[in-house]
Amino acid sequence: MKNIVIIITVAVLFNLFGESLQMVPFETYPLNQDDSKYDCLTNGYNPYCQDICKLHNTKEGYCKKFFCICEKLSKENVKFLAEIIDTCNERLDEIL
């Protein structure tokens, strides 16, 4: 009986831990309004990608295969900057 409880507990903890890892992958491409990736010219450390990633609520970013990559970018923040731009454009349309 104790073995079953231990197995169930381990399975539940493993499932919860696995879900949390899926929510924050190590590196993810941030996306523009049209779901395209941000282009960059210099692979490796790249100030432009650093700025893009900071605007997407992450601390670290670099250029990989000529696209910006952000470390630990959550699913909610993949299009974070695009959502802000959309909101601003909607407000401008209302004003004008």
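Cβ coordinates come from backbone N, Cα and C, glycine included.
Per Swiss-Prot, the features are as follows:
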- Cys40-Cys63: disulfide bond (DISULFID)
- Cys49-Cys68: disulfide bond (DISULFID)
- Cys53-Cys70: disulfide bond (DISULFID)
- 26-89: domain 'LCN-type CS-alpha/beta' (DOMAIN)
- 1-22: signal peptide (SIGNAL)
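Cys70 (disulfide bond) falls within a strand when secondary structure is assigned with DSSP. Same-chain residues at least 6 positions away in sequence with a Cβ under 8 Å from that of Cys53 (disulfide bond) are, in sequence order, Pro30, Lys59, Glu60, Gly61, Cys68, Cys70, Glu71, Leu73. Counting in whole angstrom, Cys40 (disulfide bond) lies 7 from Cys49 (disulfide bond) by their C-alpha atoms. Around the Cβ of Cys49 (disulfide bond), the same chain contributes Tyr38, Cys40, Gly61, Tyr62, Cys63, Cys68, Ile69, Cys70, each under 8 angstroms and 6 or more positions distant in sequence. Neighbour count (other Cβ atoms within 10 Å of the Cβ, all protein chains): 22 for Cys63 (disulfide bond).
For the recorded site, Cys40 (disulfide bond), the DSSP three-state label reads coil. Around Cys40 (disulfide bond), taking its Cβ as the centre, 21 other Cβ atoms fall within 10 Å, counting all chains. Neighbour counts of Cβ atoms within 10 Å were compared across the disulfide-bonded residues Cys68, Cys70; the minimum falls on Cys68.
Mean per-residue pLDDT, taken over the domain 'LCN-type CS-alpha/beta' (26-89), amounts to 91. DSSP gives Cys49 (disulfide bond) a helix state.
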